[in-house]
Amino acid sequence: MGDEKSLAHTRWNCKYHIVFAPKYRRQAFYGEKRRAVGSILRKLCEWKNVRILEAECCADHIHMLLEIPPKMSVSSFMGYLKGKSSLMLYEQFGDLKFKYRNREFWCRGYYVDTVGKNTAKIQDYIKHQLEEDKMGEQLSIPYPGSPFTGRK
């Protein structure tokens, strides 16, 4: 039971596996942008007292294992996280406004799952997610020619 936290009259252990992606599932996170989105998300979680247990920024989506206090709903936190990070990314990278209109950097939805006793398994899954994505890309068979004309 060592995972429990406490508020004034509450003992809690609320962990969530959250996955969200940029609009149009574009592969946007490489190099400097990958580091920037990581530091922005860390900063925003810190401001709301949300603890990041594990996180991975893949090329076209982000996995996070978070401890969100029960006084805050997951949907309100995700609205805050995606909204503020979008503004901060647009401020830092001016070229994003040409790819994404109306300052909407993230997809509208997200995936969330509660984490029970299998925290270690989900942490391991998130830790190795980037490697699995790369393996999936390598499994695709390159076609030497044009798929439409059949010529090389």
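Placed from the backbone N, Cα and C atoms, the Cβ positions cover glycine too.
Feature annotations, courtesy of Swiss-Prot:
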ACT_SITE  Y125  active site, nucleophile
BINDING   H61, H63, Q129  Mg(2+) binding site
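Known features from Swiss-Prot, placed on the structure.
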residue: H61; record: Mg(2+) binding site; Cβ neighbours (10 Å): 20
residue: H63; record: Mg(2+) binding site; Cβ neighbours (10 Å): 20
residue: Y125; record: active site, nucleophile; Cβ neighbours (10 Å): 16
residue: Q129; record: Mg(2+) binding site; Cβ neighbours (10 Å): 19
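Under the DSSP three-state reduction, Q129 (Mg(2+) binding site) is assigned to helix. Cα separation, H63 (Mg(2+) binding site) to the residue listed as 'active site, nucleophile', rounded: 10 Å.
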